[in-house]
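Engineer: There's a structure below that I have some questions on.
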Amino acid sequence: MSSAHFNRGPAYGLSAEVKNKLAQKYDHQREQELREWIEGVTGRRIGSNFMDGLKDGIILCEFINKLQPGSVKKVNESTQNWHQLENIGNFIKAITKYGVKPHDIFEANDLFENTNHTQVQSTLLALASMAKTKGNKVNVGVKYAEKQERKFEPEKLREGRNIIGLQMGTNKFASQQGMTAYGTRRHLYDPKLGTDQPLDQATISLQMGTNKGASQAGMTAPGTKRQIFEPGLGMEHCDTLNVSLQMGSNKGASQRGMTVYGLPRQVYDPKYCLTPEYPELGEPTHNHHAHNYYNSA
């Protein structure tokens, strides 16, 4: 089986755009540093094309065996595609056990099908950093920070609960200490006076306003009768004969004597109209001189 079976065709559209962006992130200077490191450890020449020299997985397996002996038990030197893929898979498993994080490791197709050489380079750099952390002399990558584990006694852990963290703010400066619910009466007093308890109920706090100036003292509900009198007269309460201002006036025109609208009303003048006399028993009922009413209906 030829290797052409595993090669992909040219990419178009979005796939080509993604492939170009990944290719732009490839660092050729890092490639030269990795080449010198791998060739120095394994003693084998990679070739002019760096990725093609690693494609069969033979150099990679020998390289991890140098860093960690016994990592790959068998290295396939066959030219068959599945043997080369098997070498790459064994290398990936070996560097995972060596300590490289899974998110830093490339996939087999990234190298074998030339789909993402940038990820392959990132994996080799992560392997160099892990080797430097374990004490190998490597000029590539960075050394990982060592874990600084601390063990605390249970008493120390319980004491930490009394500490206010920075995320909870501070207990200095202005605070809401002593604040009550909205609308609740609050007593204001001077602590310099030495009074531990608030003042009595006769004290008006600042939140309740002031007892000076205009106020609503003596005000009643709207529409309620209010007695108006002069305090100089010595009368605490006015009698019922006084008409308050809220009740109007008893002078001028009024509706006194008015009847319901539409009822007949008898109008007569007592100077000209005699007092009506009602007949006694036995007298005739018709007496035109005794009744002088005019119906104004």
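The backbone N, Cα and C atoms fix where each Cβ goes, glycine too.
Take a look at what Swiss-Prot says about it:
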- 28-131: domain 'Calponin-homology (CH)' (DOMAIN)
- 164-189: repeat 'Calponin-like 1' (REPEAT)
- Thr170: phosphothreonine (MOD_RES)
- Ser175: phosphoserine (MOD_RES)
- Thr180: phosphothreonine (MOD_RES)
- Thr184: phosphothreonine (MOD_RES)
- 204-229: repeat 'Calponin-like 2' (REPEAT)
- 243-268: repeat 'Calponin-like 3' (REPEAT)
- Thr259: phosphothreonine (MOD_RES)
Engineer: Mean pLDDT over the repeat 'Calponin-like 2' (204-229): what is the value?
Structural biologist: 65
Engineer: Looking only at Thr180, Thr184, the modified residues on record, which one has the least crowded Cβ, with the fewest other Cβ atoms within 10 Å?
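Structural biologist: Counting other Cβ atoms within 10 Å of each of the modified residues Thr180, Thr184, the minimum falls on Thr184.
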Engineer: In whole Å, how far is Thr184 (phosphothreonine) from Ser175 (phosphoserine) when you measure between their Cα atoms?
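Structural biologist: Roughly 18 Å, rounded to the nearest whole number.
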